[in-house]
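Going by TrEMBL, these are the annotated features:
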- 1-25: domain 'C2H2-type' (DOMAIN)
- 52-79: domain 'C2H2-type' (DOMAIN)
- 80-107: domain 'C2H2-type' (DOMAIN)
- 108-135: domain 'C2H2-type' (DOMAIN)
- 136-163: domain 'C2H2-type' (DOMAIN)
- 164-191: domain 'C2H2-type' (DOMAIN)
- 192-215: domain 'C2H2-type' (DOMAIN)
Amino acid sequence: TCGKCFIQKSSLMMHQKATHSVDTLACVACGIVMPCVDSLRKHLHTHADIPCTCEPCGVQLSSITKLQAHQQHHSVDRPHSCSTCGKSFTSSSYLKVHLKSHSGEKPFSCDICGHRFTQHSSLKSHQAIHTGEKPFICPTCGKGFNNAGNLSRHKRIHTGEKPYSCDTCGRRFNQGNSLKAHQQIHTGEKPYMCDKCGKSFSYLRNLKDHKCFYV
């Protein structure tokens, strides 16, 4: 197939399994199967700047390289599932920590402001707010964040990943709170009210931009 030669038959068989199997040589963007790894690599360049969709979860990415990086998350085995919400984890210890979010248990408290948390790592990230420390650095642009969650959400700006979709219109978002705010358009909910005139808004930014005549 590719012209490579081997002294031992076992080495040839290992090579064929690793580089010429159908699963290995199928393009993750369009599904076409290539005869060898080199051909697949060359083919992937044709998708370099073409938006791609992840088949398992439907997330839309801006390029093939970002799709490949995203799909690595699907290959991780998560055998430990929460019986309450269905969320799965790689280890039982992570599941144990997660279960506290359902029980309401928050054993870790901040000495400065008294805020309580379900896990020590969340407390440590919170304390960075008081110290001004931003130890979580984006490898793409160098911007710093005080916790891993904010860094993870920021990275989606670079990857183009939009995992949150509106059930009503299908529009996708890179953050859950953006989706929640968007859904208020469909429900008509306006939770942000001007305390001077009583006018309500769907978005907080609209309330901030609101010029009240009673001020």
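Glycine too: its Cβ is placed from the backbone N, Cα and C atoms.
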Mean of pLDDT values spanning the domain 'C2H2-type' (192-215):
79
Could you tell me what the rest of the chain brings near the domain 'C2H2-type' (192-215), counting residues at least six beyond its ends with Cβ under 8 Å?
181, 184-185
Helix, strand, coil residue numbers for the domain 'C2H2-type' (192-215) per DSSP?
6 helix, 4 strand, 14 coil
